[in-house]
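Per Swiss-Prot, the features are as follows:
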- 74: N6-acetyllysine (MOD_RES)
- 564, 568, 666, 670: Zn(2+) binding site (BINDING)
């Protein structure tokens with residue numbers, strides 16, 4: 001009996017654990033502190049800083065099953081998903097990694113043992129082929145002489161992409177930085193499937209399938225293209241879980257493995273589909289994986305960046321559901337079946353199931369409305385069309401803005417004997433792809449990044465003042481031996497009380513000083529295991545090896561500590577008041593305010609905000625002890641400690657507890673007891689994205705200051721109303737009622753004046769071919785009164801065409817009215833458009849009534865003068 005996908009995942013991890021590898025959990029799909037990458041798309045992403053020498057781990061071997069998304073940016077598989085055997089938006093990458101530990105020999109031997117040993121995957125050796133980089137004789141000889149693969153199944157691949165080192169078998173992180181040759185392992189499905197071995201003209205067939213890529217990072221590529229050997233060569237490997245599952249389960253398509261068969265059946269059930277071979281079922285089964293895990297990792301549908309990619313995937317899935325005949329929202333119903341089929345890899349998703357389902361349902365409902373708006377826009381564009389072809393830009397705008405598939409656009413056009421410029425659509429699509437490619441991938445010059453080999457010991461939990469030694473200095477990213485007065489720099493110390501920005505808490509400010517120098521610290525950041533003090537040397541000079549006294553700005557740190565502790569209390573209070581679906585999606589803690597983003601699908605009610613505020617202040621009055629304990633990550637999770645969104649954790653973590661009320665993983669600085677916070681006040685609650693709310697709050701002196709400010713405002717209002725704070729509401733109600741009465745009286749007077757003006761105007765109408773034409777610019781008339789005047793004039797004049805204009809604050813307001821018996825010859829929308837164009841504006845409306853605005857008041861007299869000639873031509 002073949003292994004299930006879940007069993008294959010576990011077997012891979014178990015094998016490498018038996019070889020001394022640390023099993024590391026999958027990182028978030030949102031790359032941590034990496035603006036160069038749209039989504040996590042490979043197992044090595046979370047170890048990138050380790051490979052670059054910017055970070056150190058307490059292990060030199062690691063293995064993972066990493067969740068990955070490739071949709072948008074350089075790795076955009078979206079269009080092919082569902083229509084090929086192996087394209088996915090979401091996949092799991094099995095990997096083993098060596099950070100300066102073992103190299104080619106062990107990496108190849110490990111791979112061969114796992115794949116062919118009867119104890120593990122037991123693949124037939126004769127079905128395995130390998131490729132190596134053309135000049136990598138070492139890897140070639142290991143495969144041939146040690147593993148024993150015949151020469152005819154070892155293929156050398158050269159620079160097959162048009163440039164030196166541009167090869168399928170040479171991996172590069174970017175234009176500069178770590179790189180090296182790779183060896184790939186292929187599985188031969190047999191001669192009943194078309195295709196040739198790698199490097200042959202038939203290599204794109206499905207017979208020979210790459211299952212494992214083993215990268216040997218042994219060079220550091222310089223800006224001039226030269227390759228310098230790395231002092232500690234490393235290994236990075238990747239094997240797609242879905243691909244190896246297909247091989248081990250004896251199927252040719254990833255969509256035929258147990259995981260996808262189960263999901264496809266679930267899709268068929270919720271959509272009512274009966275043909276299990278329909279490609280749309282595969283599309284939806286793939287897309288629920290990427291969408292659900294992206295939302296669980298904090299991405300929300302939006303019109304930009306990661307949220308935009310998520311929205312496109314959701315809409316593609318929903319459209320395919322509609323093609324299958326789904327009559328109601330269905331996509332969110334697949335989250336439960338997905339959790340079931342993912343096994344242990346779905347635990348994070350299970351904790352957020354309700355939130356993920358709600359976001360998907362809301363987005364699907366919104367798309368239904370978007371589809372209607374897209375159809376309306378298409379109708380407008382077709383109405384304006386003069387030829388028989390809809391331009392590609394418009395078709396692309398319908399697709400890009402409204403999620404409108406081009407084939408649906410073509411169907412609507414076909415009914416009206418109109419073609420779609422599909423070549424123009426493809427050109428616009430390719431331009432978008434080009435922009436996406438430029439905006440993604442490892443494009444940075446990593447040799448310009450700060451590399452610190454030393455580590456800094458943080459002692460800021462217990463000290464705000466400490467003596468240390470300068471271990472490194474950096475100016476403009478480059479290491480220097482000394483700096484002089486006036487220079488901006490990053491100073492690294494062997495030990496420091498300064499907290500480096502992390503977990504939402506900003507870095508400390510303060511001063512580094514000595515007998516003859518003073519360095520003002522404006523920020524503190526992490527550089528791998530080192531802590532960098534960023535600022536400017538105010539006086540003297542400073543060199544590597546100097547002793548310094550590090551003084552943190554104590555008052556600022558104290559305010560930050562209160563805000564950070566209050567953030568933890570508020571998080572726990574939100575979960576009590578709103579529900580356990582609340583999870584942190586981001587935070588900012590500085591000395592002035594705390595900002596907290598969390599999952600919740602609607603605006604908080606005033607009574608909910610008050611309840612959270614009251615609950616936090618109750619815990620402050622309890623004066624609970626705030627305690628920290630260092631423990632294993634798994635033990636902390638078992639204790640119920642909540643983790644911060646987007647934060648990386650070591651195997652040993654710091655657990656912060658506030659009595660029995662809150663327990664979270666946190667490396668930040670905090671008050672000693674909750675009572676130190678003094679007072680907590682929420683100052684705003686707003687939405688940042690679908691399903692994400694944001695609270696801003698203040699504590700301590702900041703909270704007291706808001707109380708004083710509110711009191712002063714109330715006193716000022718009371719003084720203006722000649723009352724006091726006790727009867728202020730009654731006074732305001734009285735003033736509002738009097739204001740409403742006066743506004744009503746004023747409106748009546750305006751309407752009377754407009755009626756009188758209309759009566760005066762009617763006498764100015766002229767006859768044009770039996771139709772009364774009235775064109776007039778009015779002064780002192782509000783734009784909103786023009787419509788009333790046109791209605792009055794229509795009643796007075798009978799068969800008529802009316803154009804009225806007024807200018808207020810430099811802006812032109814126009815209205816055109818046409819009696820219904822004339823609309824077959826003159827349409828108000830066309831007339832107003834002609835006038836508006838001359839005054840720098842645009843507008844539209846019904847055939848009998850249309851409005852417009854403009855910005856060029858000086859051009860108004862000439863524009864109005866042109867009406868008579870235009871109307872005369874229409875009435876001939």
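Using the three backbone atoms N, Cα and C, a Cβ is placed for every residue, glycine included.
Positions of Swiss-Prot features highlighted on the structure.
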| residue | record | CB count, 10 Å |
| --- | --- | --- |
| 564 | Zn(2+) binding site | 25 |
| 568 | Zn(2+) binding site | 25 |
| 666 | Zn(2+) binding site | 27 |
| 670 | Zn(2+) binding site | 25 |
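Cβ atoms within 8 Å of the centroid of the Cβ atoms of 564, 568, 666, 670 (the Zn(2+) site) belong to the same-chain residues 505, 561, 565, 567, 626, 656, 664, 668, 669, site residues excluded.
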